[in-house]
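K.L.:
Below you will find the structure I want to go over with you.
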Amino acid sequence: MGIKQLFSVIKDEAPDAIKEGEIKNQFGRKVAIDASMSIYSFLIAVRSDGQQLMNEAGETTSHLMGMFYRTLRMVDNGIKPLYVFDGAPPKLKSGELAKRFQRKQEATEGLEEAKETGTAEDVEKFSRRTVRVTREHNAECQKLLKLMGIPYIVAPTEAEAQCAVLARAGKVYAAASEDMDTLCFNAPILLRHLTFSEQRKEPIQEIHLEKVLEGLGMERKQFIDLCILLGCDYLDPIPKVGPSTALKLIREHGTLEKVVEWMKADPKGRYQIPEDWPFEDARTLFFEPDVRPADDPLCDFKWDKPDIEGLIQFLVHEKGFSEDRVRSAGTKLEKNMKTSQQARIEGFFKILPKTEEEKKAHKRKLEEQAEQKRKKVKEEKKEKAKLKAKPRGA
């Protein structure tokens, strides 16, 4: 899921784009969260016996437990979360979804075998692979959020794309997801690990798109071409193309069209492009995703007072949660929702958009950086050729 190896490319090429910090550093900020990705992470947090959390009736409750307590943790730290759920997947994603379904079926068979003959590690590994987020999981989490007074929206298609729209329009500070393709949808800031448990002690990663592009010396179109070449959810990857090769090819040839042209003409035949590889369609999905505009009435979000008695009815009487814990958490949520109304200092200052002259200057800077990197690649190639041509022992 997402873009293969993109984080390691950014870490190597644009380290200044990544900031790490504690959850409390996000105090006073509104954040749009990829709900489906979060629910999936709650569901794969299986116990050592390979089972998900269940109530006495045998119903899975991992998703509700995760959504309830992780959301409480965010609000405790002064964050105002809003969740974005996936709608229907784009047609181009159907191939990837079919593959995931096949992998899950194979994992289910592997899980049964591991339960009979394998170790605890095998059971846990296969349990994770069988997990999928269902409509029921989504519906129950939406019901829970409504009772908590936390807003949510269902995206027309990809949740990450909708999160990016809201962040770009300034409705939220950032988009939060583990999927790196959120950056391809033009999210100015991506937060990762925001919904992780406190026990994992993972710092919150804050990735700034503008600094990513600057570090790579690329404009957005080139960046998306790089991401498609690295491997995205919409297309099969090209065999033998890893992160360093993908980066080198985009820097040398400039566009995916020219990379494909070069691959097809390569006399050594090193790369086999999959037969059905509509990269132009994938690029269009990143540039023109099906999303609700930020000024859509459904994007007018409101954080409400939690319905504590409703939470008791749903979580305690229907799902078997502890009444004392839910009541205590509900009271704390109500109190923290009031304090999270406090704004950060930067919220009082309006960020002025760049002038046309500033945009042109920024574009020139990126082009110069790209040219320098292309020259460097050419020089490295020449050096390698010289070394190869040198007689041994010379």
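Just so you know, glycine gets a Cβ as well, placed from its N, Cα and C.
Grabbed the feature section from Swiss-Prot, which reads as follows:
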- 1-104: region 'N-domain' (REGION)
- D34, D86, E158, E160: Mg(2+) 1 binding site (BINDING)
- R47, R70, E158, G231, D233: DNA binding site (BINDING)
- 122-253: region 'I-domain' (REGION)
- D179, D181, D233: Mg(2+) 2 binding site (BINDING)
- 341-349: region 'Interaction with PCNA' (REGION)
- 356-394: region 'Disordered' (REGION)
K.L.:
Of the binding-site residues R70, D179, D181, which one sits closest to D34 (Mg(2+) 1 binding site) when you measure Cα to Cα?
P.N.:
D179
K.L.:
In this structure, which of the binding-site residues E158, D179 has the fewest other Cβ atoms within 10 Å of its Cβ?
P.N.:
D179
K.L.:
Determine, from DSSP, whether E158 (Mg(2+) 1 binding site) sits in helix, strand or coil.
P.N.:
coil
K.L.:
With Cβ-Cβ distance below 8 Å and at least 6 positions apart along the chain, what are the contacts of D181 (Mg(2+) 2 binding site)? List them in sequence order.
P.N.:
G2, I3, E160, C227, C232, D233, F286
K.L.:
Take the mean position of the Cβ atoms of D34, D86, E158, E160, the recorded Mg(2+) 1 site. Which other residues of that chain put their Cβ within 8 Å of it?
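P.N.:
Residues close to the Mg(2+) 1 site, other than D34, D86, E158, E160: S36, M37, V84, A155, T157, A159, A161, Q162, C163, S177, D179, T182.
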K.L.:
Between D86 (Mg(2+) 1 binding site) and D179 (Mg(2+) 2 binding site), what C-alpha distance do you get in Å?
P.N.:
13
K.L.:
Name, in the order they occur in the sequence, the residues of the same chain whose CB lies under 8 A from the CB of G231 (DNA binding site) and which sit 6 or more residues away.
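P.N.:
The list for G231 (DNA binding site) reads I3, K4, Q5, P237, given in order along the sequence.
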